[in-house]
């Protein structure tokens, strides 16, 4: 196993743990069994920094672990899939959208596009899940909570990403992921 692969595995595990912590530390219960938190910012950062595949694993597993540890085990399987798709789509878009920004640096338009699309995946994913297990009124009533959560998470990721990209190891990992 080469050094770069080891770094990516370790960083993926760290991002999963940070996603779990960001989800669990500050969470406000919403209308039906879910809660508002900043973990989706870490899910998005996982996709942006690690790339689509590793980011999906870190974001999905970290979010699922938060559900399991917070007493929301019923949501855990859906959370794993939804957050993995959100991190994957965000990472894929950020990697493939053209930008004038430096490789491995903060790129505003791809970030915003990836963040909005990732948020739509989370909001739509939970809407479909809650529609299947609850009812139309229950599912629709949680959409505003999911949108607020995603807005705060997008802001958090937008603040953290430029700071994290100043760290040499993270910048190098991001350059490798972007190529």
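Glycine too: its Cβ is placed from the backbone N, Cα and C atoms.
No curator has checked TrEMBL annotations; they are predicted automatically.
Note that the structure is predicted; figures quoted are calculated from it, not measured.
What TrEMBL records for 12-36 (among others) is transmembrane segment.
The annotation transmembrane segment is assigned in TrEMBL to 43-66 (among others).
Annotated transmembrane segment per TrEMBL: 72-94 (among others), in sequence order. Same-chain residues lying 6 or more positions outside the transmembrane segment (72-94) and placing a CB less than 8 Å from one of its CB atoms are 19, 33-35, 40, 43-44, 46-48, 50-53, 55-64, 66, 107, 110-111, 113-115, 117-119, 121-122, 125-126, 129, 177.
Here TrEMBL flags 106-127 (among others) as transmembrane segment.
Counting same-chain residues at least six beyond the ends of the transmembrane segment (147-165), those with a Cβ under 8 angstroms from any Cβ of the stretch are 36-45, 48-49, 104-106, 111, 115-116, 118-119, 122-123, 171, 174. Annotation comment: TrEMBL describes 147-165 (among others) as transmembrane segment.
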Legend entry - Sequence-remote partners of the transmembrane segment (43-66) [C-beta within less than 8 Å, at least six residues beyond its ends]: 8, 11-13, 15-20, 23-24, 37, 76-77, 79-81, 83-92, 94-95, 111, 114-115, 118, 122, 153-154, 157, 160-161, 164, 170, 173-174, 177-178
